[in-house]
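Asks: What TrEMBL shows for this protein is this:
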ACT_SITE  GLU187  active site, proton donor
ACT_SITE  ASP332  active site
ACT_SITE  GLU436  active site, proton donor
ACT_SITE  GLU455  active site
BINDING   THR541  Ca(2+) binding site
Amino acid sequence: MQWRSLVLGLLLLRLGLHGLLWLVSALGPGLGFHQRFPFALPPRGDPGPPWLRAAGGEPRAAGRCGRAHWGCLLQGAKRYSGAFPPQLRAQLRDAARGMFVFGYDNYMRHAFPQDELNPVHCRGRGPDRADPSNLNINDVLGNYSLTLIDALDTLAVMGNSSEFQKAVKLVIDTVSFDKDSTVQVFEATIRVLGSLLSAHIIITDTKQPFGDMTIKDYDDELLHMARDLAVRLLPAFENTKTGIPYPRVNLKTGVPPDSNNETCTAGAGSLLVEFGILSRLLGDSTFEWVARRAVKALWSLRSNDTGLLGNVVNIQTGHWVGKQSGLGAGLDSFYEYLLKSYILFGKKEDLEMFNDAYRSIQNYLRRGREACNEGEGDPPLYVNVNMFSGQLMNTWIDSLQAFFPGLQVLIGDVEDAICLHAFYYAIWKRYGALPERYNWQLQAPDVLFYPLRPELVESTYLLYQATKNPFYLHVGMDILQSLEKYTKVKCGYATLHHVIEKSKEDRMESFFLSETCKYLYLLFDEENPVHKSGNKYMFTTEGHIVSVDKRFRDSLWQDTFPEEEERNTEKLKPNELKAMNSSSNCNRVPDERRYLLPLKSIYMRQIDQMVGLI
């Protein structure tokens, strides 16, 4: 027995020494996929390079979501404090705030009241009136100061009460939706309607965890504006045989006579969170009813064989025009909002739909070995397949899919989230950005631009909140440095036209301020009320924060799909909020890995090879 104890003791000592050696090496050459991290740690007392220094004074702490009450976020892991110095973390928090401030100030100086900033030539951008078919611009820009509205709750999260109050008053005084603008219903909902509701909730919160964000003599103006916008979007839901809305609507005249009858699944089925919040704040079921009807209509059209949905559908016939099923463009936020609608409103049918969808995703889209961090075979990867047969349709994935690890965190499938995130981060390491479409078979981008998208940052933030693994702080540091190095221009941050050549397009989309900067800031701001106040927040698909509280779970009406009310009153058991067919769960993440690299080195090298890094 003594001999066994001695051997066990020596073995534990050896493992401890190996762990210590690894930590020493991690702060030097190669924590991130066998490449050196871009920053050397500053000497004690050194504030670091100029761009990392604080932008202005210390902000008032803000926010509140952090470790929410569902899924893996309940299982807050111990933090390993030695792997990421607090001084460096504070510098990166200030750098993320400075990034937002630089983009926001330049928008206000050079672009407001137009919708977006052209950061290269320092001027504003609005709808393309000369070319109505330019949907890349006109779907998003409605001539309603989009970037200002979209950035409201980021100002609050960063604790800037004076600018938040000023911006809210500016929106109230200058913005009108009585415009001859044809916009995409989805984009107007998630960017504008969602932000107005988020800011209204922040202003009227009696606890004021972000600091004093109240507005003197505020009379629910943002809520009234949100209702006005939603009413102008309602014609999209009329005169469709399926209940699935038209993709576009003119804010003044309704659905254009020549409107397209085809819409993507995400665009039509990702309206429930914002429309549901509006209905419950107003006590008017109309908005939630039409959004929920669209979700149920899409759900009824899924394949009987695979349970999958396609990416483009005809709103009159219900026939699938696009039969591709994947996790990226055209489908991404549909899955996201099935889960988040349940989290917010508590309707069991939303969770049941999500669990069924997730089971189909795992069965038909997932490729690779069964477990992320053990066993033989290729790394797990989610591919694009035919919705009816489950057969592979192509060998590319798009950057929007990088949101999915964050969604997996919310349901507790952290193992798969770790592997999928690692794949996208490896692509980022190769190019310093995520190409819009990447061909994993050719190990090369198919579509080369990067418009400052937030999805990888979002998943990085949520994985850090779930695991407290300092590796994800290093990932955030790498992303922050890449953005600063490759996208910063004279008056803001610009879209990368070509991720290899690093050529730029003169456009800074509003989600850069509302999401990318916000998630980076929250990743590094450990003391933010998002993480410390004890309140619970959920992020919309545009990164707007809404409180998860009882008032959104209490319906003021009984006429929304009344035949289902009795079934939906059943209380969920605590263990029902999980992926019913997930390949793994939180308990499979051993404690020791929460303090080291999230993946074993052999699997990291495998992913590096998969994307051509080594």
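The count begins at 1 with the first shown residue.
Quick reminder: no glycine exception, Cβ is built from N, Cα and C everywhere.
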Asks: Going by C-alpha positions, which of the active-site residues (GLU187, GLU436, GLU455) is nearest ASP332 (active site)?
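Replies: Sorting the active-site residues by distance from ASP332 (active site), the top entry is GLU455.
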Asks: Over all shown protein chains, what is the count of other CB atoms within 10 A of the CB belonging to GLU455 (active site)?
Replies: 25
Asks: Could you give the Cα-Cα distance between GLU455 (active site) and the residue listed as 'Ca(2+) binding site', in whole Å?
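Replies: It is 10 Å, counting Cα to Cα.
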Asks: With Cβ-Cβ distance below 8 Å and at least 6 positions apart along the chain, what are the contacts of THR541 (Ca(2+) binding site)? List them in sequence order.
Replies: ILE190, SER270, VAL273, SER333, GLU336, TYR337, LYS340
Asks: Hey, how far is GLU436 (active site, proton donor) from GLU187 (active site, proton donor), Cα to Cα, in Å?
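Replies: About 18 Å separate the Cα atoms of these two residues.
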Asks: List every residue in the same chain as GLU187 (active site, proton donor), at least 6 positions away in sequence, whose Cβ is under 8 Å from its Cβ.
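Replies: In sequence order, ASP139, VAL140 meet the Cβ cut-off.
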Asks: Comparing the active-site residues ASP332, GLU436, which residue's C-beta has the most other C-beta atoms within 10 angstroms in this structure?
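Replies: Top count of Cβ atoms within 10 Å goes to ASP332.
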